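Reviewing the structure listed below.
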Amino acid sequence: MSNQTRTIPRPRRLCTAVCLALGLGVAGSATAQEPVRIGAIYIMSGSPSVYGQFAQQGMQLAVDEINEAGGILDRQVEFVLEDSQIKADAAIQAARKLVYSEQVHGLMGLDSSGVATGVVPVVPELKRPFIITHAATPDVTGKLCNRYTYRLSVNISQNTRAAAEIAAETGARRWTTIGPDYAFGHQSWEFFGDYLKELDPEVELMERTAFPRFGNEDFTPFINNVMDAEPEGVLVSLWGGDLVNFIRQANNLGFFEQDFEVLMTLGGATEVMSALGEDMPEGIWVGTRYWFAAHENATNDAFVSAYMERFGNPPSYNAQGAYAGIYAYKAAIEEAGSTDPEAITDALSGLTFQAPNGPLTFREGDHQAVVGPTWGQTAEVSDEYGVRMLDPMKTFDGDLVTPDVSETGCSL
Amino acid sequence: MTTRLLIAGLLALVLAALFLLPYGVSYFYIFVATEILIMGLFAASFNLVFGYTGMLSFGHAAFFGMGSYTTAMLLLHLQVPLVWTLLAAMLTSMLLAAVIGFFCVRLNEVYFAMLTLAFGMMVFSVAHQWRSVTNGSDGITGFPLTEFGLGLDLQLANPLVYYYVVLVVVVLAAALLYLVTRSPFGLILKAISENPERVAFCGLNERRFRLIAFIVAGLFAGLAGGLFAPFNRVASPDMIHWSHSAEAVLMTILGGSAYFLGPFFGAMVFVLLETWITSYTDHWMLVLGIILALMVMFFRRGILGTVLDRVLRR
């Protein structure tokens, strides 16, 4: 090996260096400018970190696609990723680091409602646009909304509106819930209950509910508690590693053989479906912010096949959200014609851009994207994708499940 | 005498550097410096119990958390000027320390450590589970930062202004705490840590002195917590968790418990390492573990302690 290196004639090596420099000089017009920098905050540690990994893959794919096609405003794009640790204070510190130390032009991410409620009130001080791609509490585009905060993903009210319709169709009348003991679990139950009551005033929302701590490992007492209550329907809003552990333990206790309907608001996450494979029970209603096989358009086809080819598994909703987040910034920066954070923030309001789950629009009134979830019943495991497919499957129209701005409590 | 002058000179230099810091570093380091100052005060308050009185507490974060929640809830519900919330934070955490200390100072060594751990976890559970008051694991968020009070026109939401507020409060608190350690009361604590029986034989109520030390430490930890919530923008149960108590222990050991400024120095090393290492890897705790193991094996008196030992030829 070393022998070979030595035999390369000197002039050629010199040429390589010079020619490279010249070549760079010519192509430099596109790259000499500072790259567009997007700061992302996802959960990268602990048991839910698989969500962060999917998000990272989604962003990587989008950034590479955009750079290959010439970048944004002829500038390259790059992202800087920080770990939220699923803690609001850690995420706030991360956002400060990204803005003041990494000099990013815009922020995106957030995986938890609890984290989002802490971060969003601080965003106006950072003076950077923030596109939330996962956290679902309605408050951040409701009573906590502000000029800089946007969300492209399905929120709790959109998802539970759809869940209530599915629930009403099942005919079950006595409902209880099992969900994580923080903002997300409690709000999911509250919104679901309200919507279900609207559709069917006779329905009973049981007092007996189960809210295990987020990151809890033993769900047995909670599962037994719910089975003892003899409900007709159970809304499960657990997610991530919690949902995987819950389903495994619930399988052992015969939870899914009981005589009640089970709706999992985030059961259609491919993170969960891949982890479980055959252990994911069949015939259960699961919801998801995005299902890779639910959208027939060119963007989605290209996204799913590129993702499968590169990472070997179908994109999850978090991967899709992160991918779409980068493209939302591309559209906004091109619309603004600059990377000035204030200009990007203005451009995002009312912006429509193409995402794999269809064209999305950030409403001017509350900055929430008008988007609906996909719900379906778990069916056979697909050989191609390694997860249970959904059949029947229904994608809700964003216009039908998104509450009017006047009902959100947001005033901008 | 010359060494004393040298130390006074160095201290003046450090204070001048802290005052001029925002002009010399990138904006992000204002946040890092704010955190170092607050965590330094927290660790120093812990060291009054640990280094000076010889009691290893694993529940010190309870007082820090009490201060944080007091400040956050007063800001959220009543929009009280910050100076009053800080005083309230000191008061509530002092009361909590009085109650917990009343039971804990009856025990020694590992039993004391275990009991403080148990009380710490109790306080944590209350904060974690009393959803209607403490908002559970999400903590108190979204509280407004209004005025400082005392007729001062300070924009607290501006990180630079808040840094100076923290700098002034922490320097004053540290000076006060230093005077406590140098007072006859402080010397009695030192004596207790070296030989409690002898102190008792001298006719002093050793338990009472330990209780007062515990309460004073709780009060300063509460002040640190009260300063932290408006900086952090969250008062969360994590701040009360025993692992947060352990941070105070680690910072004190890193810096050196034998010198008053040891915990401050330890806080600086801890926060800077955390900031730098987390940029490269998510396994920062692993790196910290290796550093600590080496410290305990080779520099038992801490970084600052070892350096000062050399300089002062102790």
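In case you wondered, yes, glycine gets a Cβ from its N, Cα and C as well.
Here TrEMBL gives transmembrane segment for one range in the set B:110-130, B:131-151: that range is B:110-130.
Contact between the transmembrane segment (B:249-273) and the transmembrane segment (B:285-304) holds: at least three of their C-beta pairs are under 8 Å, each pair 6 or more apart in sequence.
Contacts between the transmembrane segment (B:82-103) and the transmembrane segment (B:285-304): absent, as fewer than 3 C-beta pairs lie under 8 angstroms at sequence separation of six or more.
Comparison of B:57-76, B:110-130, B:161-180, B:211-229, B:285-304 by number of C-beta pairs under 8 angstroms to the transmembrane segment (B:26-50) places B:211-229 first.
Pairs of Cβ atoms less than 8 Å apart link the transmembrane segment (B:57-76) most often to B:211-229, out of B:110-130, B:161-180, B:211-229. Residues 55-62, 65-66, 69, 96, 100, 103-104, 136-137, 139, 237, 240-242, 245 of the same chain sit 6 or more residues outside the transmembrane segment (B:110-130) yet have a Cβ under 8 Å from a Cβ within it.
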